[in-house]
Structures are given as structure tokens and as C-alpha cells.
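A.B. asks: Okay, here's the structure, questions in a sec.
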Amino acid sequence: MSPNLVFAIETSCDETATAIVDVSARRILAQSIYSQYTEHAPYGGVVPELASRAHLERLPHLANHTLQQAGLQWNDIDAIAATVGPGLTTALVVGATFAKTLAVGLGKPFLATNHIEGHALSPLLAENSAALAEAFLEHDEPYLLLLVTGGHTQLIQVTKPGHYTTLGTTQDDAVGEAFDKVGKLLGLPHPAGPAIEKLAATGNASAVQLPHPKTENPLGFSFSGLKTAVREYLTKHPDVVHADLAASFQTTVATLLARKTAAAIKATGSRHVVVAGGVAANATIRQALMQVCEEAGTTFTAPPLILCTDNAAMIAYAAGIRAHHGLDTGSLSTRVLPRWPLEDMAKTA
């Protein structure tokens, strides 16, 4: 019998997260997230050793808190899942080891889960996703995914659980990296995405004209040149209002993502479009994508903000869905995989 109540752990980078999900109901019973802002802020980026240490310190409390929040006992849980890749090696080891130990102690199955697959399926947990879930899970209708994170910027055709086709990816920086690098140029704290969005809210998005980098693949992305353009503009115009530059950068990124998504809709004929990943929390980007989908006559689904950033609910759901569809979910001997392409996920159990 496939597991239904799945407890999951996510420690691929700098968020320590636990969650319990009722897979068949697509319902999050409880989740806890600790973001390691204070640990990494002095360094302007994520320090792997500090991340793994914080995971180790926080996991026991978060696990018990999540269980209590759900009003459950450990015996009520059907399976234990954990992110085993991709991500920071030492951080992944902490979460996977904790989950495996828990699984052995409780006599429950361990489900090894891909972090990116978690993001890819996370929109199905959104409250407004009933139509998408029915089309995808019951009628085998694919959806077009725009994945925007700190390490990935991809357009992916999601055919069914475990089956993903990458239509376009970034040829240099991921969009999240671009936000962080531009944020550093503007003297903003890490992570820069929320800081840029806050600053941009008071700026003029038309104040600075920034380039739209070209790519060989019409569905591909490039952000390195955009970051360079911001740096050069700052050098030539040191007195520029930072809020104006932040707003111009943010709007340029939103326009680029929306145009590529529109091209992918046209190329695939997709009737359903979803966005996922940390950068999907940006309201300007969401609005640009929503407008494109309205013009194309497609549905648009975005997960709630708490499911955009790294979280364990998406890991629990992805693990449960894989098990329900007879796909490989690994075992206690599964090692962490710092690199684990989404295209490798079609393997059956």
C-alpha cells in the first residue's frame, strides 16, 4: 500500500524544514521552516559548514514541533522522506541521515526525494490548484513549468509524475543568482531577492533602460549580461537612485521570463502554466506571468509564498506522489546526490 501521511525533511541549502502532508488529499497538515538568515548574513552568502551545523541543531526540535502541530503520533506516519539532492553535500547528509535514522527507529519506509521535483510538483499543493490537479493527475494533461530558483532557471514540460522534459535553461547565471549579485552591487543584504523587491516598490521601473540578453535557444535564458549592465550603469552613474535601478532590473527580469514563457506556451500548446521556486515569490514576476497566461488563454497556478522558498511540504508531496505512481523512491542505502538532474526521475520501483 502506498504511503499517505508522509513526514519529510528538507536541508538542501540554508532552510531547515520539516512537514507532514496528506498526499491523497493534497493537504499540508503541518510544517516548520527555519531560515538561516542570521547565520549567513555576515558572509554575504551561504556557508556550507554553517548551514549543516544549523540543520543539525534545529532538526530535532522542528521534527517534534511539526508532529505536535499536526496532532499526530509517530506511529500515525506512513513514511519518512528527505531531500537527497541536488544541493550542498554536507547539508544534504544531515537531513538524509536524520530521516534514515528516524525511519529505522520507527520501522517506516524511507523515501529519497529530488529537491527540484519537489518544486516541480509544489503548485499542486496550492489552494487554487484543484483544476490543475484534476487535469494533471486524473486526465494526464501536462503542464508547463517555469522553475526559478537560486540555482535553476528552466522551462520544463511536466508530462506526468517522474517525466520531465527541459525545453530551455539558463546558459550562465540562474535568475536567483542574478538577483543576489545585483543586490550585492546595490549594497543589499543576502538573500537579495526580497530586498530588491522591497526597494523596487519605491522606484521608477522606467528610469533605467537595461538590455534583454539574447540566447541561442529561443526558450533559453541568460542573465549574466544583465548583471554586467547594472554594474556598468552604477559605475557610469554613481548618483543613480538605487530604488529606480532595482525597479528597472526587476521589471526587465519579469519581462524576460514572461516573454520566454509565452514562447513556450506557443511552442507546446500547453493549457496549464505553473511557476515554482524561490523567485516565484516576487509579485512583479507573478503579475507578468499572469498577464501572459491571460492573453494566451491558459490557466496559471503559483504556489503560496511559503511553498516558493525551500520547504519540506513539497518534498513530502513529491515523495508520496512517486510512491503512488510506482516510481523509484530509493532506499536506506541511497546516497546524497549534490547533482541530480530532473530528467533522471522516470525510473520505476
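Cβ atoms here come from the backbone N, Cα and C positions, even for glycine.
Curation plays no part in TrEMBL annotations; they are all automatic predictions.
TrEMBL feature annotations, pasted as is:
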BINDING   His115, His119, Asp310  Fe cation binding site
BINDING   Asp180, Gly193, Glu197, Asn282  substrate binding site
DOMAIN    28-317  domain 'Gcp-like'
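Please go over these features one by one and say how buried each is and what sits next to it.
C.D. replies: Taken residue by residue with DSSP, His115 (Fe cation binding site) is part of a helix. Packing around His115 (Fe cation binding site) is summarised by its Cβ count: 27 other Cβ atoms lie within 10 angstroms of its Cβ, all protein chains included.
Around Asp180 (substrate binding site), the same-chain residues at least 6 positions away in sequence with a Cβ under 8 Å from its Cβ are Gly45, Gly150, His190, Pro191, Ala192, Gly193.
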A.B. asks: Of the binding-site residues His115, His119, Asp310, which one has its Cα closest to the Cα of Glu197 (substrate binding site)?
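C.D. replies: Spatially nearest to Glu197 (substrate binding site) by Cα position is Asp310.
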A.B. asks: If we count other C-beta atoms within 10 Å, could you say which of the binding-site residues Glu197, Asp310 has the fewest?
C.D. replies: Glu197
A.B. asks: For the recorded substrate site formed by Asp180, Gly193, Glu197, Asn282, name the remaining residues of the chain with Cβ within 8 Å of the site's Cβ center, in chain order.
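C.D. replies: These residues sit around the substrate site: Gly176, Phe179, Gly183, Pro191, Ala192, Pro194, Ala195, Ile196, Gln250, Gly278, Val279, Ala281.
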A.B. asks: Can you count the other CB atoms that lie within 10 A of the CB of His119 (Fe cation binding site)?
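C.D. replies: That number is 30.
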